[in-house]
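Data block below; observations after.
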Amino acid sequence: MAQQKIFRIRRDYNRWVANESLEDYALRYTPRGFRKWSEWRLGNAAFGAASFLALEAIGGAIALNYGFANAVWAILTVAVITFLTGLPISYYAARYGIDMDLLTRGAGFGYMGSTISSLIYASFTIIFFALEAAILAVALQMWIAWPLWIWYVICPLFIVPLVARGITLISRLQLWTQPLWLLLLITPYVAIFWKKPEAYTEFTQFVGAISKSSNFDPVMFGVAATVAFSLVAQIGEQVDFLRFLPEKTAVNRRRWWTAVIVAGAGWIVPGGLKMLGGAFLAYLVFQTGVPAAHAMEPTRMYLLGFSHLFSDPAWVLAITLLFVVVSQVKINLTNAYAGSLAWSNFFARLTHSHPGRVVWLVFNCLLALLLMNLGVFAALENVLGLYSNVAVAWVGTLVADLVINKPLGLSPKGIEFKRAHLYDINPVGLGTMLLAAGVGITAFSGVMGPEVAAFSPFITLGMTFVISPLLAFAKTALNPRIWRIARRMVRLFVRCVAR
């Protein structure tokens, strides 16, 4: 028999892939021994994900197009729905120490069925990674006037070594940058209120370019909400941190629940405020004569905001660049990390191999670079409007299983994510998501009329809460065990006897 030779580079690579400080349990649940960080540190790391400036861009875009009233009501409505859908997801992920892929797998989708949801989630991380990196590239070009494509290459790739060390380094970076980020975030709004308080009142009369009015209009409200609904999938990135929370005990009960609520579903509270802030700053930039296409750029927003604090343009540019760099590094740490987990799960399922989370981290960054060069920021509303229906269908289906099917006994209690105990395809979750997304995208396309198109994500979300329990009930009526658990856990009790 020929002797097998393992080259040194392969041995080093295998050791690298087996290093959980790099892998962070990308393909399985987080064991108790690795859930060692405090509730405060993990909550702070997850809360840092709210730093992304795409929130301001989204708020600015819908305010400039649909006016004050429609933008404000759309942001508030989506914020409430995002919080309510995020609560059960945050709870189950933190309780069982699992990421979105394992949670989806055990909440009605099946082993292979969750592959599609991994692709949806990975797409979310790529889209927002590209948006955030594009915002950072535009800001850095104001500092050094290199061609934009050079900054497009630099901005995604310099994140790779920071994210390679996983939650260990990310939690430290989020902790160190949080006070500075909060100070820089609040300062422009305080300065504007101090120098020009009437601007806040004048903003309430702002007329949108499409709505032609500052008053509330149901159709314009629906269109504005459609863009914001894409943020519902952000809960997946919060969960990627919450899975490391220590187990809930009588001692840490309050701290545990605070971390789950604030850093989980509660991310939308600062997120919603930042969208409202972006709407306000975009209005001020637009009033200076800047075209709407550029007024929605966060860098321009904060340049104007900090100009109320400093009179020297050099200081204004410097402090704006500092804020943008800190914000975008914080969020793209999260985007890149979450994307590497999503792609790891997706390709491990399809190829039955795992080259390592860091490989998919680089892959995620390269795809984001491609989107940046295709002009994803210029097509912000169209991209997010279409994606929102898919994201809402996935999250809505997941929540329907957790809050309806499980309490009614239509779905197994707890989250069973182990491969040997699941069917490959569970038509309850997968069928619900595909049906709801199909109807939502069809409505969004406009074939059912502009009124229906405006409310397509609301229709999608409502359908998930109707279809999921109906399919679960139908399958349970046919056979109580079919499509639920492939086999039950067998518990062995072993007694050691000393001789």
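From the backbone N, Cα and C atoms, a Cβ is placed for every residue, glycine too.
Listed in TrEMBL for this protein:
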{"type": "TRANSMEM", "residues": "42-66", "note": "transmembrane segment"}
{"type": "TRANSMEM", "residues": "72-98", "note": "transmembrane segment"}
{"type": "TRANSMEM", "residues": "149-168", "note": "transmembrane segment"}
{"type": "TRANSMEM", "residues": "175-194", "note": "transmembrane segment"}
{"type": "TRANSMEM", "residues": "219-236", "note": "transmembrane segment"}
{"type": "TRANSMEM", "residues": "256-286", "note": "transmembrane segment"}
{"type": "TRANSMEM", "residues": "306-326", "note": "transmembrane segment"}
{"type": "TRANSMEM", "residues": "358-380", "note": "transmembrane segment"}
{"type": "TRANSMEM", "residues": "386-404", "note": "transmembrane segment"}
{"type": "TRANSMEM", "residues": "425-448", "note": "transmembrane segment"}
{"type": "TRANSMEM", "residues": "454-478", "note": "transmembrane segment"}
Contact check, the transmembrane segment (219-236) vs the transmembrane segment (386-404), 3+ Cβ pairs under 8 Å, seq sep 6+: yes
Remote residues contacting the transmembrane segment (386-404) - C-beta distance under 8 A, at least 6 residues beyond either end: 85, 88-89, 92, 103-104, 107-109, 117, 120-121, 123-124, 127, 226-230, 232-233, 235, 410-411, 428-429, 432-434, 436-437, 440-441, 443-444, 456-457, 460-461, 463-465, 468-469, 472
Top partner of the transmembrane segment (42-66) among 72-98, 256-286, 358-380, 454-478 - counted as Cβ pairs under 8 Å: 256-286
Annotated stretches the transmembrane segment (256-286) and the transmembrane segment (454-478) touching (3 or more Cβ pairs under 8 Å): no
Outside the transmembrane segment (149-168), six or more residues from its ends: residues with CB under 8 Å to it: 21-24, 37, 45, 129-130, 133-134, 136-138, 140-141, 241, 244, 328-329, 332-333, 336-337, 340, 357-358, 361-362, 365-366, 368-369, 372-373
Same-chain residues near the transmembrane segment (358-380), Cβ under 8 Å, at least 6 residues beyond its ends: 16, 22, 57-58, 61, 122, 125-127, 129-131, 133-135, 137, 149, 152-153, 156-157, 159-160, 163-164, 227, 293, 296, 335-337, 339-340, 343-344, 347
Long-range environment of the transmembrane segment (454-478) - Cβ separation under 8 angstroms, sequence gap at least 6: 81, 108, 218-223, 225-226, 229, 388-389, 392-393, 396-397, 399-401, 404-405, 408, 410-411, 427-429, 431-433, 435-437, 439-441, 443-444, 484
